[in-house]
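Here is the structure we will look at.
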Amino acid sequence: MYTLCKLLYITVFALLSAVPPYLQIYYHDMLYFSSNQIGCVLAIAPFIQSLACPIWSYLVDKRPKLHGSIMAFTSFMGGLSILGIMILGHHQQQRQEVPLSLFLNDNEHTPATQQTVILTSLCALMFAFFTLPNVSLVDSARLWGSVSAGFTILVVGELINSTDNLDAIFWVFGASTLAFIATSLSTNHVISSDFNKDNDYQATECSKLLANDRQQMINNEDDSEKADSAKGRYQSTVMQDGKGLYRPTSCDSTVLSIAHDLREEADELMDTMSSTAPLQAAGLAISRVSSLEHRVLSGSELIDATIGTSNTSLSTTATPSSSSSTFNKATTSSHYHAKSFTSPRVVCFLITTLLFGVVLSMIVNFLFLFLSDDLHTPASWIGWTGPLQALTELLCFCFSKQMMEQFGTAWLIVFAHVSTSLRCLSYTLLPPDALSTNICVLLLQTLHGIGFGIFWGTAVSEMDAMFPPNQRAVAQGVLGALHTGLGTGLGALIGGQLYEYFGASGLFHSAAAISLISALVFCIGRRLDTN
C-alpha cells in the first residue's frame, strides 16, 4: 500500500506536469491564440478546481471503497478533454494549410477562431473539473510530487526538441494518465480488501472488548451486592435513627469506572487499528459509553436533588460554574476568531498572500511562452527548468524550519518577495538567441523554488501563529484559496492582458512592482500589529 500511494502521487504529478506548463506554447503556436485569450483559458483551471475539489472529496468520503475507481474515472474524463485540445490543434493546422484564395474575405477567420476558443475553454473546464482535483485525493507526499513534476517537464522538453513536434506533450500525458488509471484501480482493490479485513477485525475485537467488560461489570455487581449486604444492617439502623440518608453511590461509581475503563480500552483499540478505514464498530461502542456516562451522572444528580443531601448543593453549585466556564471559553474563542480575521496583521497578510499568488501566476503561466517566443530558448533548455525548480523547492521546504529559527518569519517573507522581483527584472535584460541567456534562464528558475518554497513554508507557520489550534484548519483553507485559487486565476487574466498590450517587458515589470507592493503591505501589517 505504501508503494501504491507513492506511485499515485508520482503519476498524478506526471500527468499534471506534462501538459499544463506547455499549453501556453501550444495555444500560441498551434491554435494561434492571442495572449489575452491564453490568459482567459488558463484562468479557468484554478476557479473550477476550487469548486470541484470539495465535490470529489465528499464523494470519496461517502464511498471509500470507490476511492480508486473515482480517481480512475476522473483521470479518464480529463484525458479525453486534453485529447480534444490536441484534435482542435490539428484541425486548426489543416485550416491554415488551405490557400487563402479559397476564402471569400479575411473576416471568415474570426468565427472559426472564436469557436476554437470556446471549444478549448470547454476542454480546459473539463480538465480542471475532473483531473486537477486528483491531487487532493491522493496521499500528499510533496517530495515525490516535486521529483515527478521536475522529471516530467524535462522529458517533455527533450522530446519536443528531438522530434520538433508539440504533440509530444500529449504523448507523455497519455502515458502518465494510463499509468495513473492502472495504479488507481490497483489501489482501489487494495483499499476494498483492507476495508473488509479491518471491518471484520474491528467487529471481532469490539465483541471481545464488550464481552470482557460485561463480565467485569457482572463481577463488580456481585462484589457490590456482597458489600451492600454487609452494610445493610448498619444503613437501616442509621436511616431509622434519622441520622443519615442512604445513597446508592456504590453502583454509580462502579458503572462509571467501567465506562471509563471501556473508553480507555476502546481508545487503545482505535490506536492499533488502521487509520485509513472508518472505525464504525468502535465508534458506536464509544458513543454508547458516552451516553452511559451521561445518563449515570444525570441519574446521580437527580437522586441527589430528590433526597436533598449536602453533597447535592455542592454538585449543583459546581455544575453551573463549569457550564459558565465552558460558555466563557466558547465566547472567548468566538471573539478571538472574529478579532483575528479583522486584525490589521491578518488582513494585511491575507492581502499579501493574494498578491503574491497573482505574481507567481503571471510568471508561471507565461514564462515558457516568453522563453520560446521572445528569447528563442530551445525546448531542451526549457525542460531543464523543471528539475532545477523542484530541487530548490525541496531544499527550501526541508530547511524552512531551520531558516525560520535563524532569520525569523518576517525576514524570510520579505526575502521571497525581493528575490521574485529581481527575477522578474532580470528576465527583461536578457538578449535573445544567446547561450548566456539560456544559462541565465536556468539560474533564474532556481529563484522560483526559493521564492515559492520560502514563502509557502513561512506562510503556513505565520497563519498557525495567528490563530488558535481549533481555527487553524479554516485559516489554512483561506490561505490556500487566496493563493492557489483566486490569486492564480487573477494572475492568468491580468498577465494575459499585460502580455497582449505591453509585451513581455510590461508583464515582468508589473509582476516585479506587484511583488514589492505585496512586501510593503506585509510590513505595514507587522508594523500595525506591534503598535
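If you go along the chain as it appears here, the first residue is 1 and each next one adds 1.
Even glycines carry a Cβ here, placed using N, Cα and C.
Annotations in TrEMBL come from automatic prediction, not curation.
The domain 'Major facilitator superfamily (MFS) profile' feature in TrEMBL is assigned to 345-531. Taken from TrEMBL, the feature transmembrane segment covers 7-27, 33-58, 70-92, 112-131, 143-162, 168-187, 346-369, 381-399, 411-430, 442-461, 473-494, 506-525.
Listed stretches 33-58, 143-162, 442-461 were compared with the transmembrane segment (112-131); the greatest number of C-beta pairs under 8 angstroms is found for 33-58. At the 8 Å Cβ threshold, with sequence separation of at least 6, the transmembrane segment (7-27) lacks contact with the transmembrane segment (442-461), having fewer than 3 such pairs. Per-residue pLDDT, averaged across the domain 'Major facilitator superfamily (MFS) profile' (345-531), gives 91.
Long-range contacts of the transmembrane segment (33-58) within the same chain: residues 20, 23-24, 27, 70, 74, 117, 120-121, 124-125, 127-130, 132-134, 136-137, 361, 365-366, 369, 481, 484-486, 488-490, 492-497, 499-501, each at least 6 residues beyond the stretch ends and with a Cβ under 8 Å from a Cβ of the stretch. Highest Cβ pair count under 8 Å relative to the transmembrane segment (346-369), across stretches 168-187, 381-399, 411-430: 411-430. Most Cβ pairs under 8 Å with the transmembrane segment (70-92) belong to 168-187, among the candidate stretches 168-187, 381-399, 411-430, 473-494, 506-525.
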